[in-house]
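**Q** Look at TrEMBL and you will find 3-119 tagged as domain 'Response regulatory'. What TrEMBL lists as 4-aspartylphosphate is Asp54. According to TrEMBL, the feature domain 'HTH araC/xylS-type' maps to 267-365.
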Amino acid sequence: MYTLLIADDEADERALIVFLLKSYPESFHILEASNGREALSVLQRGRVDILLSDIQMPFLNGIELATEAKKLYPDTEILFFSGYDDFEYVKNALSLRAVNYILKPVSPEEFDKSLNEIVKRLDSQKIEFTQSEEYIETRFRGEVIPSGQTISENASAAADTLLLRSIELAIKLKQPEKLTAQVRELLHKYRDTPNLSHIYIRYICTTLLQLLMDAAPEQTEEDFQKAVREIYTFRHFSDIVELIERYLDMAAASIRQELDAPNYAVHQVKQYIHLHYAEDLSLNLLADLVYLNPKYLSNIFTQSTGCNLNKYIRRVRMEKACGLLLDTNMKVSDISQAVGYPNPSYFCKTFQEIYGTTPDRFRQGTERA
């Protein structure tokens, strides 16, 4: 069963898609979102295999949502539907490797055709990876190294196991320099021992890769599976080394970032503000988010950014408001709500303080230019 997310701000359209999906009773776990921001929140809570998204939605449009989805889950399949027959939308959809772009009202025949393409591709990927795993396991168990011993009997295997445990310990103890040195020691050993089984080396490198990717939380299961396939298809060991070095750098950087806790906390808060600017953002809420005292968070945020939290939130909201004024026909009162200002009068006053003009004049001046 695949997880499928429907993102559309029109309830009737979502209901139609759900109805069309009834012809696939055992195929999908269906999730729904009424706008782009809500859909992103769903994506951040767990993997989605298929994203069915409208293009025009409040807060985050379909192209922006799909871009974020691809960052979280690179193998997510995307199907766009929209009431806009616009070449630019189509071009952006294709650049995100969307399977199709369906115009509303959605045709059941076209929908079924596009969805069947997606399911076939996902099924094929699942079968391919399962067969690859079985092949690797079989070859690993049966491979005989030149010395005449099986891999499990080879003396170097015990040393490798100890080194892998030491690498795992360096990750747990947050020791990036020791981690880097030990990984390179292991890679150097295989570079200088050409008589070792190629399957065995790939197996050890896959185990090493798993440790490194676990230390870099931004990496997904899909990233891991893709990297494993690369390890088993590379012809030269130097290519495997380059791949491992890349993930080693990510893991070491992630550990260093955790060790630099104040800056990491500021980064998390900034990221949260950019995703939740339309909501009520209090100092206490943000401090709870990063498990810090509110006064301490306020101090380190100002030191790190040169700007206090309230001004930073206001700046983000105003930048988002400018974007909505330029790119949409939304009313100023609706934009005020969309960027976290329930009171339109206060929003207009704040906007004028920053930009020296009203939101309406800002929009009109840009249109004339």
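Each residue, glycine too, has its Cβ placed from N, Cα and C.
Help me picture where these features are in the structure shown.
**A** The helix, strand and coil residue counts that DSSP assigns across the domain 'Response regulatory' (3-119) are 55 helix, 26 strand, 36 coil.
Sorting each residue of the domain 'HTH araC/xylS-type' (267-365) by its DSSP state yields 74 helix, 0 strand, 25 coil.
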**Q** If one looks at the chain holding Asp54 (4-aspartylphosphate), which residues at least 6 apart in sequence have a CB under 8 angstroms from its CB?
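**A** Long-range Cβ contacts: Ala7, Asp8, Asp9, Glu10, Glu13, Gly62, Phe80, Phe81, Ser82.
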